[in-house]
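Visitor: The structure follows.
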Amino acid sequence: IIVLLMVVTSNADRICTGITSSNSPHVVKTATQGEVNVTGVIPLTTTPTKSHFANLKGTKTRGKLCPKCLNCTDLDVALGRPKCMGTIPSAKASILHEVKPVTSGCFPIMHDRTKIRQLPNLLRGYENIRLSTHNVINAETAPGGPYIVGTSGSCPNVTNGNGFFATMAWAVPKNNNKTAMNPLTVEVPFICTEGEDQITVWGFHSDDETQMVKLYGDSKPQKFTSSANGVTTHYVSQIGGFPKQAEDGGLPQSGRIVVDYMVQKSGKTGTITYQRGILLPQKVWCASGRSKVIKRSLPLIGEADCLHEKYGGLNKSKPYYTGEHAKAIGNCPIWVKTPLKQANGTKYRPAAKLLKERGFFGAIAG
């Protein structure tokens with residue numbers, strides 16, 4: 001009996017637990033042993049398919065800045081075009097759907113001279129956005145005045161009368177004040193609530209020499225400077241050379257406006273130095289909180305755990321995903337280059353190999 005026990009427990013005849021001799025199609029890569037065949041795996045990755053964008057579950061998702069402002073671009077809303085005034089809903093996530101915002105349908109704007117195309121995207125990055133109820137400057141009595149506030153048939157208001165952007169006042173000198181003037185400076189106070197950023201829109205108008213003399217009493221190029229939050233910007237107006245142009249069915253115009261904005265932090269005053277043709281700030285944007293921004297097309301359909309720039313709305317069925325790597329927000333799977341698997345079975349070895357290692361008595365015992 002003693003001899004038999006020694007044979008059964010010898011190295012040549014050991015019984016290996018946790019190893020099966022059944023066929024296995026599963027291979028996993030390990031850190032220490034490389035590729036290993038196992039009897040079972042749990043897939044940890046998925047490869048998404050492209051779908052519509054969706055609202056992010058558990059939070060509000062903002063598509064257009066003003067969903068109820070029909071036939072308006074986001075730039076129309078950001079500048080306060082008369083027929084594009086409305087509430088911008090709060091949102092924790094926003095869709096950048098106008099990669100290069102289109103022209104505002106009002107007075108012709110020289111978009112490429114400033115960063116004004118970025119204004120809708122700047123606003124989109126805030127959770128809460130509202131337009132002030134009061135004007136930040138009294139345009140009629142501003143330095144260099146008295147002024148009348150100009151309007152244009154190219155910018156009709158809700159009653160189809162002449163209008164202009166709500167964020168700016170076109171300061172046209174009164175008849176007895178149409179003369180050239182040296183640069184003057186006006187302070188732009190902070191009128192938003194503490195903790196908000198104030199986005200102040202301003203600009204200037206220029207035209208051909210004849211119109212410049214008629215409107216302002218000076219046909220020379222005019223100088224303009226804005227300064228806020230440590231950022232100073234300089235401009236010189238261009239006189240003439242503009243083909244007549246209409247925006248969104250408006251009246252053809254020989255003049256152009258240049259529009260810019262400045263960001264004023266809580267309690268900080270800004271300044272604008274100007275000559276003739278100034279578009280003085282009026283209503284300002286008050287914004288707070290952060291909204292995560294992702295680039296994609298509209299509309300938003302349904303809800304999803306995750307918003308992905310390439311795949312749209314995703315529901316998280318696995319912790320990881322393969323495919324195209326792009327920006328994503330929400331409860332999203334983690335991108336990996338290759339599929340990941342978690343072994344939930346035992347290590348596989350062919351039956352012939354097990355018989356050789358165990359020997360005759362071990363094979364019977366196994």
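Using the three backbone atoms N, Cα and C, a Cβ is placed for every residue, glycine included.
Straight out of Swiss-Prot:
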- Asn37: N-linked glycosylation site (CARBOHYD)
- Asn71: N-linked glycosylation site (CARBOHYD)
- Asn157: N-linked glycosylation site (CARBOHYD)
- Asn177: N-linked glycosylation site (CARBOHYD)
- Asn315: N-linked glycosylation site (CARBOHYD)
- Asn344: N-linked glycosylation site (CARBOHYD)
- 1-12: signal peptide (SIGNAL)
Visitor: Might you list, by sequence position, any residue in that chain lying six or more from Asn157 (N-linked glycosylation site) with a Cβ less than 8 Å away from its Cβ?
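Guide: Spatial neighbours, sequence-distant, of Asn157 (N-linked glycosylation site): Pro82, Lys83, Gly163.
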Visitor: How far is it from Asn344 (N-linked glycosylation site) to Asn315 (N-linked glycosylation site), counting Cα to Cα, in Å?
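Guide: On Cα coordinates alone, these residues lie 25 Å apart.
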Visitor: Pick out which of the glycosylation sites Asn71, Asn177, Asn344 has the most other Cβ atoms within 10 Å of its own Cβ.
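Guide: Neighbour-count leader: Asn177.
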Visitor: Work out how many Å separate Asn177 (N-linked glycosylation site) and Asn37 (N-linked glycosylation site) at their Cα atoms, rounded off.
Guide: 90
Visitor: In DSSP terms, helix, strand or coil for Asn37 (N-linked glycosylation site)?
Guide: strand
Visitor: Among all protein chains shown, how many Cβ atoms are found within 10 Å of the Cβ of Asn37 (N-linked glycosylation site), not counting that one?
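Guide: Other Cβ atoms found within 10 Å: 17.
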Visitor: Return only the integer: C-alpha distance in Å from Asn315 (N-linked glycosylation site) to Asn37 (N-linked glycosylation site).
Guide: 31
